[in-house]
Amino acid sequence: SCDASQLCNCSSMGLDFIPPGLTAKITLLNLAYNRIKRIQSQDLQQAVNLRALLLQSNQISSIDEDSFQSLAKLELLDLSNNSLAHLSPLWFRHLFLLQHLHLQGNSYRDLGQSSPFSSLRNLSSLHLGNPRFSVIRQGNFEGIELLHKLWIDGSNLSQYEQGSLKSIKAINHMIINLRNSNIFSEIVRDCLHSVTWLEVTEIKLAVEKKSFVQNSTSPFRIQKLTFKEAFFTDQTLSRALVLLKEITSLKVLEAINCVLEGQGIWNTEEIARSGQSLVETITIKKVMIQNFHLFIDLQGMESQITKLKRLTITSSNVFMVPCKLARYFLSLLYLDFHDNLLVNNRLDETICEGSWPSLQILNLSQNSLKSLEQTAKYTSRLPTLNNLDISQNNFGEMPDACTWPKHLKYLNLSSTQIPKVTKCIPLTLEVLDVSGNNLKEFGLQLSNLKELYLTRNQLKTLPGAAPIPNLVALSVRRNKLNSFSKEEFESFRRMELLDASDNHFICSCEFLSFIQHEARLAQVLVGWPDKYVCDSPLAVRGAQVGAVHLSLMECHRSLMVSLICVLMFLVILLLVAVGYKYHVVWYLRMTWAWLQAKRKPKRAPPKDISYDAFVSYSENDSEWVENTMVRELEQACPPFRLCLHKRDFVPGKWIVDNIIDSIEKSRKTLFVLSEHFVQSEWCKYELDFSHFRLFDENNDAAILVLLEPIQSQAIPKRFCKLRKIMNTKTYLEWPAGEEQQRMFWENLKGALKS
């Protein structure tokens, strides 16, 4: 249960005893919320370096006298909410460094006959008492000289020996839960010279007759007195106000969650006779006054408020302050009426001419004000006002012009349901808060403005910097901001703090580049980097803006598309050039024609045969073909019908179709081979066109006539089919002698007839 720092958490583990095996390495041991009943002397003997021991909320009823003897370095001991019926000074006699001791919530009725804390010279905070705690005796706090905090649960305290707390020379903050008003008076008298801030809870004050300062001389130490969940009547409050004036050091009075049973009918004559109050700050929070609408105007209390500097009355159903009374707050600098029932027509009475003459800060937030124009007009009667909070009122709209206090520097208009800001806003402002108003834009000219708060609005861009040139701090948190540019950011020359967190950022390449490479942003952005998260693209949604890195393709998409288009164009251009050079178009057309021809019957019907042979030859050999071969074959008996491209091709018909049709209408195909033939591109096409069908059928329809000697190895590789046929079939050679020529013709005629 221990971490690397030797902080051991064994809470809520159902332990019945302190676990054995504790070592000197442990610095914090948490055994709270278990079922431990007893602490024995050997349980903590080895934990010599323990600094914090938490044993609250167990069932401890017995502690051996030397259980804490080895814990000389202990600084915090919590034994609260156990079953200790008494406290022994022997438990704490070796805890010289103990600073915090919690003993509240046990079952002891008193602290013993002497002080259980006499050895605790370094004690800083002490918590003690319980619902059964009833007696405090003199000497119970001997040995304690200085306390930062003393908390006593004395809800059923019935006996307090005078002078019991005087042994403590200084207590910064004392909190006591007390219901006995007589004991309250005794404690106040004992604490006049030691306690700085006294806080009393659950007390029901009685009409006190004795002075709080009898037999005591000033200067006193007590400066602040707080009542929480206390109960007052008109009579007890009147008397308390008189008696508290005797404590000349008292500057702050607080009443929180208290109840006043009365209508403000106080003994103002006695209060006035007792002299002027020296209290400078009064705070009243959530005070319930039964039938508050019947509460009178406190006439006669004017002399008691002239020195008051700070007044806070919140959540207490205040609906007005009489004008006559308001004019006597001559020294008041701060007034807080947050969460009350002020309305505009009552505000005219509350802030009348001549009232609150020194007021600088006014809080009227969360009331029932409806007219911003009237609110501004009434507050303009306050000559020294520079800070005004009228947030959380339902104004609904903002007029085009307003009259404000001449020196107003701070204005809070947040959550006031205004749809847009107008020139009603005073030009003197240095701080403006218009958060939570669904504003879609902000373009006011406010040259003195230093801080602008636009949180929870509908802004899509940062406001322009030109109208607010001196802006130091800007908050656009939780708006509809997608991004902001380097130019927008740098236009705010004096910007020190920018809160743009909790927006839905589009993490574009430009935005990411600016965010990640602007060195000053990390010092300026509030909540960086945790509160700045990408909303799109989808691939990086939820990622921190500072950690996102997009690819080159994502960042320069248009450039990459342009490059791809250029590359594709160059490839197409290259293919066109290659195709043109190597006649690819011809090959494609030839392939298409062959595929078309493949669908036709293998051999045309006999009635469609028009020629005995289709003659394929080079133009350079046309003289021999046309003058020699044609004459010999077509004038033979019986004559042969030959198909020549010059003579028999159909004009205007595609040459490929002419070749294929002629081959199909001829029984044989006669190739006149020569050097010219194999060097001619045209002959190559013609040979391929004709051979597609002839060679595919594996028949003997081809007749080769070699007009001059050709070695098959000398035939170019592109005439691959010709080379193959010459290597596998017999061909006729044109002889030089006449005798051989007659034999040649006979053989050729025989081949044509076969």
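In case you wondered, yes, glycine gets a Cβ from its N, Cα and C as well.
Among the candidates C352, C402, the disulfide partner that TrEMBL records for C424 is C402.
Between C323 and the candidates C258, C352, TrEMBL records the disulphide bond with C352. For C402 (disulfide bond), other Cβ atoms within 10 Å of its Cβ number 19.
Residue environment of C8 (disulfide bond) contains 21 other Cβ atoms, counted within 10 Å of its Cβ in all protein chains.
The Cβ of C352 (disulfide bond) lies under 8 Å from the Cβ of C323, A326, R327, R381, each on the same chain and at least six residues away in sequence. Over the domain 'TIR' (609-752) the predicted model carries a mean pLDDT of 78.
The 10 Å shell around the Cβ of C2 (disulfide bond) contains 15 further Cβ atoms across the protein chains shown. Of all the Cβ atoms in the protein chains shown, 16 others lie within 10 Å of the Cβ of C323 (disulfide bond). For C424 (disulfide bond), the same-chain residues lying six or more positions away in sequence with a CB closer than 8 A to its CB are L372, E373, A376, M398, P399, D400, A401, C402.
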